[in-house]
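Take a look at the following structure, please.
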Amino acid sequence: MPLKSYISYSSESHFPLENLPYGVFSTVDDSTHRIGVAIGDKILDLKYSKNVFDYPLCEIFQQPSLQSLMASNKETWSQARKSIQSYLSIEHSENLKNGVFWDQNEVQMHLPTSIGGYTDFFSSYYHAYNCGTLLSPNKPIADNWRNMPVAYHGRTSSFRISGTPVVRPSGQYLKDGEVTFGPTEMLDYELEVAFFVGGTLNSLNEPIPISKASDYIFGMVLLNDWSARDVQLWESPFLGPFLSKNFITTISPWVVTMEALEEFKTDNFKQDPAPLKYLQHDIKYNFDIHLNASIYGPKSPQTHVICNSNYKYMYWTPIQQIAHHTVTGCDLKPGDLLSSGTISGPEENQRACLVERNLLGKKLIDLGDRKLKFFEDGDEVTISGFCQGNGYKIGFGNCVSKILPAK
């Protein structure tokens, strides 16, 4: 049976008592950044609410970001969740007068922490296969891809929270065989899920063994890895994408904890060949998270779903990603963000970026009232995700951006 809170919400809410994701927000009359937790369509203000935590947890939640909480440890994360869950449960309805609650639609959300490092993996088999088929049809999957979680490091300065507009970037690319400069004509999205690391992490030259890696995963967010495909195709040989992805990356505002996702672990993707020993694990660390993307814009009077996928199509697990990332001795820091890469499934409607569906711009995607190749100015793109429990959902909310013309 679902847990019950004195805050009312429907079974379709992304934020029941079983979830309790963290975010950072401010209000019109108080610009102070503070930590809140989502419950139904409300936010419990953890800075100003009374009697939620004992010391030292109360100090952590006076901070303007999640950095201190992320930097604590798994036991602290669990205790904080238990305290909040108890505070909001129907058995403690007297806290309605002790708690400070806000409507989610009346606050301004902010990045949950200052993101120190960002690594973008390429870990979905179907995405790798589909893209490989377009670019290298004779050998879609490279030999190294099945043996290690391939990734690249990215910048963090242009990370923005959901709701921030995307200004169409300009760059150089090939057009009709000539090098040209101008606004991208191939603006695309990538539906991803990323996780923040935390805890007392490794020092330089100390790899994190895969048996310990799960202790350092704080929680997950949705991520839209915006991409200018014409710029990407021109610039990628031989070091990969640069300007084609650095203009903005959008994340959802609510960080869903791993404890909230525990019930939704599912079988790991079958790996062939078996990975090297430092990447081997027996525990389940894949998740049944339903993912979707939709578009609404001037040429689409109704919202159209353009992708329905699932996190379970990840070939490499988060703990394999951490083990591989640190095997050289690279140290991670609390608040670093590691992303999945585009999460596509085996069916055409599960392809989680436009370039997979339009075959590198050669095919139009039929939306009924509109033929879509790449995004146009005025389009609003939303990605969302949830786990389906017994009578409740563990949701991520939405990650939304509207596209504005190039400057």
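Just so it is clear, glycine is given a Cβ too, placed from its N, Cα and C backbone atoms.
Nobody curates TrEMBL annotations by hand; they come from automatic prediction.
Sharing the record's features from TrEMBL:
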BINDING   Asp120, Glu190, Glu192, Asp225  Ca(2+) binding site
BINDING   Phe122, Gln232, Thr342  substrate binding site
BINDING   Asp225, Lys245, Thr249  Mg(2+) binding site
DOMAIN    18-112  domain 'Fumarylacetoacetase N-terminal'
DOMAIN    138-399  domain 'Fumarylacetoacetase-like C-terminal'
Can you break down the domain 'Fumarylacetoacetase N-terminal' (18-112) into helix, strand and coil residue counts using DSSP?
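The composition, in the requested order, is 33 helix, 28 strand, 34 coil.
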Return the average pLDDT for the domain 'Fumarylacetoacetase-like C-terminal' (138-399) as a whole number.
97
Round to the nearest Å and give the CA-to-CA distance linking Thr342 (substrate binding site) with Glu190 (Ca(2+) binding site).
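Rounded to the nearest whole number, the Cα-Cα distance is 5 Å.
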Reported as an integer number of Å, what is the Cα distance between Asp120 (Ca(2+) binding site) and Lys245 (Mg(2+) binding site)?
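That comes out at 11 Å between the alpha carbons.
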What is the Cβ neighbour count of Glu190 (Ca(2+) binding site) at a 10 Å cut-off, with all protein chains included?
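The Cβ of Glu190 (Ca(2+) binding site) has 26 Cβ neighbours within 10 Å.
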Which whole-number value in Å describes the distance between the Cα atoms of Lys245 (Mg(2+) binding site) and Phe122 (substrate binding site)?
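Phe122 (substrate binding site) has its Cα 14 Å from the Cα of Lys245 (Mg(2+) binding site).
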Out of Phe122, Glu192, Asp225, Gln232, give those binding-site residues positioned within 10 angstroms of Thr249 (Mg(2+) binding site), comparing C-alpha atoms, in sequence order.
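Cα filter at 10 Å returns Asp225.
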Work through the binding-site residues one by one (Gln232, Thr249) and point out the residue whose CB has the fewest other CB atoms within 10 angstroms.
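Output over binding-site residues Gln232, Thr249: least Cβ neighbours within 10 Å is Gln232.
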Report, in whole Å, the straight Cα-to-Cα distance of Glu190 (Ca(2+) binding site) from Phe122 (substrate binding site).
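If we compare the Cα positions of Phe122 (substrate binding site) and Glu190 (Ca(2+) binding site), the gap is 11 Å.
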